[in-house]
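Have a look at the structure below, then the notes.
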Amino acid sequence: MTKSNGEDPRAGSRMERFQQGVRQRTLLAKKKVQNITKDDVKGFLKRNGFVLFTVIAVVVGSILGFSVRSYHMTFRELKYFSFPGELLMRMLQMLVLPLIVSSLVTGMAALDSKASGKMGLRAVVYYMTTTVIAVFIGIVIVIIVHPGKGTKEHMHREGKIEPVTAADAFLDLIRNMFPPNMVEACFKQFKTSYEKKIFKVTMPANETAVMTSVLNNVSEAMETLTKMREEMIPVPGAVNGVNALGLVVFSMCFGLVIGNMKEQGKALKDFFDSLNEAIMRLVAVIMWYAPIGILFLIAGKIAEMEDMGVVGGQLGMYTVTVIIGLLIHAVIVLPLLYFAVTRKNPWVFIGGILQALITALGTSSSSATLPITFKCLEENNKVDKRVTRFVLPVGATINMDGTALYEALAAIFIAQVNNYDLNFGQILTISITATAASIGAAGIPQAGLVTMVIVLTSVGLPTDDITLIIAVDWFLDRLRTTTNVLGDSLGAGIVEHLSRHELQSGDAEMGNSVIEENEMKKPYQLVSQENELEKPIDSETKM
C-alpha cells in the first residue's frame, strides 16, 4: 500500500527510526560527558600516558630540531645533541636478539606442527598479498603523478652506492637463512664482496692463425697467443649486524623440535618462556625512557639536514608521491583488509598500537620497534601470545610493505628522470623484483637503499642515480618503517582471527593433558602414603 501522493510509508518510518537513533546517541554522549569525573580522567591518562608522552615528544622534537638549525652546529655538536636518542636505539637493539629467539622458540613450541603449519601458511599468504598490493599502489601512483619531469642535471646528489649483482644478492639471502655459526650470526651477516682479478685468456683460432703467419719465431708466437683480461669476481665477505633471517629460521626449527619433544623438552620450553617474560619486563622499563629518546632522535635528524631547499622542487614532488602511496596503503588498504577478514573496527586495533607506530617513526627500524610492538599487541589489543611470538619476529624480518612500495615507486621515478620509457614487461620485472628485494631488506635503517640497487639492475637503470633520492630518504624511511610495523601488527590480528579454532583446540588439549597428569599423580601419591603408614616409627636403618 502507498499513500495518495505516491510516497512509500516505509521510507518515512525508516527516516524516523534513523533520526530517533541519532537523538538517542546524542543524549547518551551528553550524559557520558556530564558524568566524567576526575577518576575517569586519571584512568584515561594512566591507560594512555605513554602514547600521549610519545606524541608530545614527536611534536616537541620537530619544533626543537627546526629551532636549533639556525645555530649551524658542527658534526661533533650534533652527535652530542643526538646522544639521548642514540641511547634509546642501543637499548632497543640490545633486546632485539634475545626477543626474536625467545619469542619464536616459545611460540613454535606452544603449537603443534599442524597448527603452526596452518598459521605459517596464513601469515605467508597475508605477507605476499599485502606486499603485492603495496607494489601495485606504488607503480600506479608514480605513473599517474609522474614526479620525474625535467632533467636530473639540476638535482642534488648525495652519498655513494656500492655495486651489487642481483643474483649474488639473492644467493646471499639464502646463505643468511642457514648460518654456519650461530654465535657469529648474532653479530654478522654474510655479504658477497668483489675484488679485481686478472685472467690470461687464449686468443680465438682465427686470430691465432694470423698471428702465427706473421710471427716466425715459435716462442714469440706462444707468448702472444694469450692476452690479459680483468674481471670483478665475487668473494665471501661479511658485514656487521644481526643476521635476523638466520636466527628466525633456526629459532622456528628449534621451537618446533622442542614442541614435538613433549615432556622431554619442557625444561627448555620453560627456560625460553622465562627469558621472554624477563625481556618483556625490561621493555616495560625502557618504555618510560622512549619519549625522551624519540624527541632527540627526531630533533637531531632535523638539525642535521644540510639544505631544506632540496626537499622542494622535483624531489618535493617525489616525496609527496611516496607519502600519498604509503597513506593509501596504510590508511585505506590495510584497515579494509583487517575489517574484511575479522569484521572488527580496525581503528580501535590501530589505537592500541599507536605507541609502536610512533616509536617506528622515531627509530626508523622495525626490528628496534619490535619490543614495543609486542607489548602493545599483547597488553592493549589482547592478541594471543602464541600468535605474536610467531608472527611478529617473522614479519619484522620479511614483511616490508612500505619498503616494497617505495622501491617500485623510486625505480620508476629514476626511469622518468632519465627519460627512459618502460614497457609492460619491464614494469612487471620491477614489481616482481621489488617484492622479492623487500623480503631481503633486513629491519635496519635505510636497508631499502641497498636493495634498490637490485631493482634498478633488473631493468638496466643506472644505479648511481640512487644518490638523487638519498637527500629525502631519512624522512621517507621513517614513514615506510611505520607502514611496515602497521602491516605486521594488523597481520597478527588477522592471523589470530583465522587461527582461533586451532588456538581453542590447543587450549582444550592443554587442559586435558593437565587433568591427565594430575590423575596419573594421584595413584602414586596414594601408594606412597600407604607405604609411609607401613613404615616403623624408628626410621633408622638396622645393620
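Positions of Cβ are set from backbone N, Cα and C atoms, glycine also.
Per Swiss-Prot, the features are as follows:
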{"type": "INTRAMEM", "residues": "347-377", "note": "intramembrane segment"}
{"type": "BINDING", "residues": "S364, S365, S366, T403, I444, P445, Q446, A447, G448, D477, N484", "note": "L-aspartate binding site"}
{"type": "INTRAMEM", "residues": "427-460", "note": "intramembrane segment"}
{"type": "REGION", "residues": "521-543", "note": "region 'Disordered'"}
{"type": "COMPBIAS", "residues": "532-543", "note": "compositional bias 'Basic and acidic residues'"}
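Structure coloured by features recorded in Swiss-Prot.
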{"residue": "S364", "record": "L-aspartate binding site", "Cβ neighbours (10 Å)": "25"}
{"residue": "S366", "record": "L-aspartate binding site", "Cβ neighbours (10 Å)": "32"}
{"residue": "N484", "record": "L-aspartate binding site", "Cβ neighbours (10 Å)": "27"}
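In the three-state DSSP reading, S364 (L-aspartate binding site) counts as coil.
In the three-state DSSP scheme, N484 (L-aspartate binding site) falls into the helix class.
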